[in-house]
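Presented below is the structure to which this report refers.
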Amino acid sequence: MGMCLLSRKLLSGLVFAGLYDSRMCKMVHCVGKDNIFRRNISTSSVLVVDDSDYSGSGSSSDNNLETLNYGRSDMLFLSRNRIQSCVRKEREMFLVVVRVIKSLDWKVARHIRFHKAVVEFGLLEGIHAFTILIYNFVCAGMHTEAFALVRDIVCFYQEAEFDLFGLFPTMLESTNSVSRHSLLADTFIKVFASNALLDNAVYAFMYAKNIGVEPSIRSCNFLLKCLAEGSRKECVMSLFSRMKDSGPLPNVYTYSIIMNLYCNRWCELDKADVLEAVKILEDMKISGISSSVVTYGPIIHGLCRVGFPEVALKFIEQMRQEGQLVNNQCYNFVIHALCREGKLDKALRVLEDMLTCKIGADAHTYRILVDSFCNHDKIEVAVSLLEHMVNSNIEPSEATYTPLVKGLCKRGLRETALDVLHKLRASGYEFSHDCYGILIHEFCLQCDMVSAYNLLEEMIINNLSPKSSCYESLIHGFSKVGAFGKALELFNIMVEKGMLPNTITCNFIIDGYCKEGYVEEAVKLLNEMMILGITPNVFTYNAIINRFCKEKKTEKAFELIPSMLKHNALPNVVNFSTLMDGYAKQSMDGKVFVLYARMLRAGIAPDSITFTILINTFSSMGRVKKAFILFEQMVSEGFSPDIISYTALINGFCKIRDLKMALALVKEMVDKGHMPSVVTYTCLINGSCKVNRYDIAELLIAEMRRKDVSPDVVTYNVLIYGYLKSGKVDRAYEMLNEMRKEGVLPDEATYRILGQNKVQIKT
């Protein structure tokens, strides 16, 4: 990484001072003393165990173990051999350290891994050697390399589960130089803090202070910043207080960190925090430290967050009076807060103030304003702001023009939104997929499929590959207007491009097919979905089941149930009710009850539609008592009977000639807010005729006219049939003429009732 420019003599002095201070050379003078064996063991247990690997004597570890049985003289002899081995190893370490320091070559240093040094030379010797290397790299300004060496030691301590709190004191013990202590303290504080070892970093700071070593303000600020980011508020304030009391004295960046802590944009904020930040700002001024936008910025942001944008504006005024440079970020905080409170006019005045003071608004400023005016449905102002932005040569981002496009579309001004985009394109701005996607979606919602499809083609011409959402919006739109061929074409394009349509998109096409009567095409698409791996859901199946039932192909509908179970689309109450209704309309009453029993066994509770189908089925069969029991059960389970439920039961009572009960149900129905329909009246008229109460039938016809319920052909057929059956032929023909006057044409049933041919009826 670099060469050391120190003189050979000075370099040699540094090396030997370090080696001597690390006790590597001192060990030579201890040979022959009884305590040397103890000295070696305390210095490095690894060295004592593994020294045979380096002694060249060829002795094994087993032979070393046998020395435990030797006498004192033998042990002393072995100890001397081991000490000589230590000296040889220390010389090897010395040569490596000298080589690195002479060149400060990181390529050499990075191969000296701490764990290898410990294995070969011992823990303390490794620490002493690395201390020298770290110190020399720091002196040479090679801080990254020094940090890497410290991280290597820290990683070793962590893997070996050693006490990291003891590492820093051990490193300091290897040198008596105060300047080295300070440099080591800075290095360790930064390494510990940057590796989230905050407690160790704080301990290193406190330990250094306790032994009279003062870390630099830069390392202290770095530690404060890391503690603040780790939400260690109490620790930050304790450290800040210690710095004010005994140094290093806080500077402007220190105060900025503290104020950021109180006005942090990621945490919950209250007024007390901001007030505390203001106090700290005052404390900074008392200390004679000049404030700047770095210190004011967090307070302005904090005031805006807690709902005091006007106070924040006063701070900005104060900054300008003090000659401080104010950036657009401070103004953006205020504008955003005012917009959030709905004070859009004030926010505009702040923008004007910015421009007057020649503080350039940026894209973010305009984005805030455009978005806010769009949200408050003030689209004209938003358009004006966008034009001003473009005229000021500020490129609008997607976040700026997308809210405007949404706002215009929300008001139905899709063409205006399109014009805005085309003007921006003419000015050289490009648009994203999202902007096109919004417009396509809005045009599809309004069924303007020509404009929507033109936008898709425009995207392709401009080398923008449409996303799946664009195709899906178009498929929904084309299905909605009945253009299933176009919808299917887009479906196939999606598949060809590797974009798998989702189930909802497929459901739109299938539902459209079914509504238009193309059930076989719907089934084909269902099969294609399964081949492509698109999982159908209950809505997919219900659309097809419903169509089959309408076409009186209920058996084919029922055949879909196994496929539903296979694809984990478990049939629900809607599916069962649809099938039951289909069987009921085909007069397959037995299958209705079988399905109902199966539904209950599956744990599916009936809903109001299920009850209505059953009530109607039992009533049609003449089992009115059973129908009435179900009606009462329906009410007891919290369902409100509708007009269809009441009419089905009324029809049942009329069939068994219980007109009194039928009329009572009509009264109950009206009391609950359900007005009788033409079907309800027809059932009552039929019931009245059955019991020869033609007076009631006439009254019901009159009531229908009063309530603007027009009798239909079935109503007239019931009356004509009743009058003919009772021998009132003239009245029957009167009803026929009345029917013609009302514009109700006779049908085949009318002619069958009269026993005449259509030609015989005079017009």
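Just so you know, the numbers here start at 1 and follow the chain as drawn.
Every residue, even glycine, has its Cβ placed from backbone N, Cα and C.
The repeat 'PPR' annotation in TrEMBL covers 216-250, 292-326, 327-361, 397-431, 467-501, 502-536, 537-571, 572-606, 607-641, 642-676, 677-711, 712-746 (among others). The signal peptide feature in TrEMBL is assigned to 1-17.
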Over the span of the repeat 'PPR' (572-606), count residues by DSSP class, listing helix, strand and coil in order. 26 helix, 0 strand, 9 coil
May I ask for the residues of the chain that lie six or more residues beyond the repeat 'PPR' (712-746) and have a Cβ under 8 Å from a Cβ within it? 678, 681-682, 685-686, 689-690, 692, 694, 697, 701, 704, 753-754, 758, 761, 763
Over the repeat 'PPR' (327-361), what does the predicted model average in pLDDT? 90
